[in-house]
Every structure is written in C-alpha cells, then in structure tokens.
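Worksheet for the structure shown next.
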Amino acid sequence: MLFVIWNAINDPLFGYIQDVSTTWFHCRTKVISYMGPCLAVSFLILWFPWSSTYQLSSPYVVGSHLIVGLFLYDAFYSCVNVAWNALFAETTCNKSERISALKFSQFAVLLSVNVVPITEKLTNGLTDFRIFQCISVGISILALLCFKVTGSLQYQKNLLLEDLPSATPLHEKSEKKFMHAFKITKQILTKSDFRIITITYFLHACRSAIHLNFATIATELLIPEKIMMKGSWKMSLFYAACTLIPQLLVILSGNMITRVGAASVIRKSFMASMITSVFLLIFGYNRPYLIVLFMLFDSISVHSIAPLYQVLMADYADDDMIYFSRQKPVSTIIYSLAALLVRPAQSIAPFAVVMILTHFGYKEYQISNVVTMRLTDGMFLVVCSTTLVISVAQLMVFYPFALKCSAKHSKEDIFL
C-alpha cells in the first residue's frame, strides 16, 4: 500500500520541485547527470541480495530488500523521467525536430529490446543468476555513461519574451512557491486540451496494459497449437513482430507524421482499430488466422501510436506557456500531472479484464488447465470488445481536438 501511494505521488512531486526550484534541480541536464547514477545504482540494488542466498534469509530481510529497492528505483526513475520529458519538450522547437527526436528515441528502444533474448541465452533460460548479475552491472554502466553524456549537453531554448509583452514574472520567492505551483496546476487542469490528451492517453494506456498482460493468455485460448505451438519459432516470431514492428514503423514513417500531424495520425489509428475490431467480431470467430492477424495489427497500432503522445504533450507545453504568458515552460509539471492521471490505467485495465475472464471460468482453467467453450468465447469477446469500446471512446473524446490540430497544422503549412 505504501509503495502504491508513493508510486502515485512521486511524479507530480518531482515535477513541482524541478519547475519551481531556483537551484540546479531546475536544470534538466543536471538532474539527469546527478540523479542518473543514483538510478543506475538503485537498479543494481534489486538484483543483489542482502544475504548469500534467499533460502537462508529471513522473510523480513527479503521483504525489506524488495521494498527499499522498489522505493529507490521508482523515485530516481520518476525524477530522471520527468526531466527527460521536459528536456524533450524544451529542446525541440517545432514539429519536425520533435518527430526526429522521437525517431531517435524509438531507435534506442529498438536496440534495447535485444537485451532480453541475449540475457535469456547467456543465462541458460535465466537459470544462471551470477551471469544475470554481471549483465545487470554491464547495463548499469552503459546507462551511467549515457546519463553522463546527456548531462554534459548544453541547450538553450528561446522563450521569445519580446513577443510576450504581457508576460508576468514568475513568483520565485520561497514563501510563494507552493501557491504558485497550485495556481499552475489549476490552470493546467482547467484547460480542455490537457484533459482531452490525458483522457485519451489514459484509455490508450488501458489498451497497452491489456496487450502486455493478456497476449499470452489470448494465444493459449484462441490459437490452436497446430497453428502456433507454445515455444515454437512461430510463437517467437509473432511476439518479436509485436515488439519490433511498432518502433520500426515510427522510425520509417517520421516524414509522414511530420507532414500529416501527430494528432491526425492518432485519430486515424482509432478509426482503423474500430473497423478491424468490428470485422473480427463479425467474421473472426473460430478463425485463428484472422485472430492472429488482428492481434498483430492491434499490437502494432497501440505501441506505435503511444510515443506520439509525447509530441502532443510537448506541443501542449508550448501552447500553455504562450496562453498563460509564462516566462518559461512548466514542462515537468505538465508531464508529471499527466503521469499521475494516466498511471492508474496500468492497474485498472488488467483488473477489469480479470473480472470478465473470471465470469467466464478463468479460475477453473487455472486449476484444471482445461479450456472450455465458455472461456474461449469470453476471451474472444475480450479481444474484440476491449479494442472496439476503448477506440470508440478515444475517438469520441479526441475527435474535436484532432480537428483543431489539423486546422492549425494546415495554417502552419501555408505560412511555411
């Protein structure tokens, strides 16, 4: 319970501290440079037991180790993550730069996912814990070097104060910092654009959590082993495609996203998800190949669109600074508030799906390992309906905002 509370509040906490601070904590690169090594060390704490073996350890020691490791890692990760998000927004001044930066970040993600099969191979299926610890140390050293390189970078964002004659000075005096933070929070939350982006992103996080938690169960229940056996190269290829293609798609379609606009791409992805889910609901029952294709398409759609919300939040940070005549962007507060509102989706969505599957006999399946027709029908309904219902809700919420962004995008293209 303590970790759940801490996990919920640490994002806005570090966001406020970084934006209202007058010390080095306000400098994004310094936060990454100074706190990055702490993040690397906290990652290692999780994988080095506080005694020789867990079998001989007291349950209190093991529990304390887990709690301390989780608290430290989550705290430093949140601190570095909000600084990185703000750095993304403040160092990219236009849509082209943001899409380019997004492509590089997705390329880094594409490289990083290879560590999973490499680790599994070197540790003989994760059985050699010493090798796993060595790999963890290597990853931490690599991360430390990357943090230091990022922290050494210098950047300067032109705030165009001469174009904002009505700009009012920020209340940087210590006795007014908290009132100023409360005022900023109220301003952000009352803007409809922020609410639309956050609600849509929350629903998107629900879809993503369902994919990550139930893809394996869906394939077990809906795909016969003669088509895709568990542990086969077909199954590995399927999961590899679901993991790698989204990043490749973002990297290869950068120019198209810049030309069309991130909001328009997101809106069209909702429409495509609606159409494919209706098609599967009508024609996909007892057709495992159609189910596999749908799961592949839906996974690619969800995970390739998710990074574009980073661009929307960065654009909103710029608009917020202009609209409220701020002297500097409050990027970390915006990103941390969004994280606070979106993060519950990671728990709510899996819980809701488990409740639905339990109604169709999933608990009995866990005990007997016998797949019933009722459970298969329930899983098929979950696969189709979650995508359909969530994408419809996303489109209804997001459509006015997407039209406004498209009109703004067209005007910018005319002036360019």
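Placed from the backbone N, Cα and C atoms, the Cβ positions cover glycine too.
Computed from a predicted structure; not experimentally measured.
Pulled from TrEMBL:
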| type | residues | note |
| --- | --- | --- |
| TRANSMEM | 31-50 | transmembrane segment |
| TRANSMEM | 70-89 | transmembrane segment |
| TRANSMEM | 101-118 | transmembrane segment |
| TRANSMEM | 130-147 | transmembrane segment |
| TRANSMEM | 237-257 | transmembrane segment |
| TRANSMEM | 269-285 | transmembrane segment |
| TRANSMEM | 291-312 | transmembrane segment |
| TRANSMEM | 333-358 | transmembrane segment |
| TRANSMEM | 378-401 | transmembrane segment |
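Counting Cβ pairs under 8 Å that are 6 or more residues apart, the transmembrane segment (101-118) and the transmembrane segment (269-285) reach fewer than 3 and are not in contact. Between the transmembrane segment (70-89) and the transmembrane segment (378-401), fewer than three CB pairs separated by 6 or more residues in sequence fall under 8 Å, so the two stretches do not touch. Non-local neighbours of the transmembrane segment (291-312) in the same chain are 85, 88, 95, 98-99, 102, 105-106, 197, 200-201, 204, 207-208, 211, 215, 218-219, 222-223, 227-228, 238, 241-242, 245-247, 249-250, 257, 262-263, 265-266, 269, 272-273, 276-277, 279-280, 284, 380, 383, 387; each lies 6+ residues outside the stretch with a CB under 8 Å from one of its CB atoms.
With a cut-off of 8 Å between Cβ atoms, the residues of this chain six or more beyond the transmembrane segment (269-285) that come close are 291, 294, 297-298, 301, 304-305, 380, 383-385, 387-388, 391-392, 394-395, 398.
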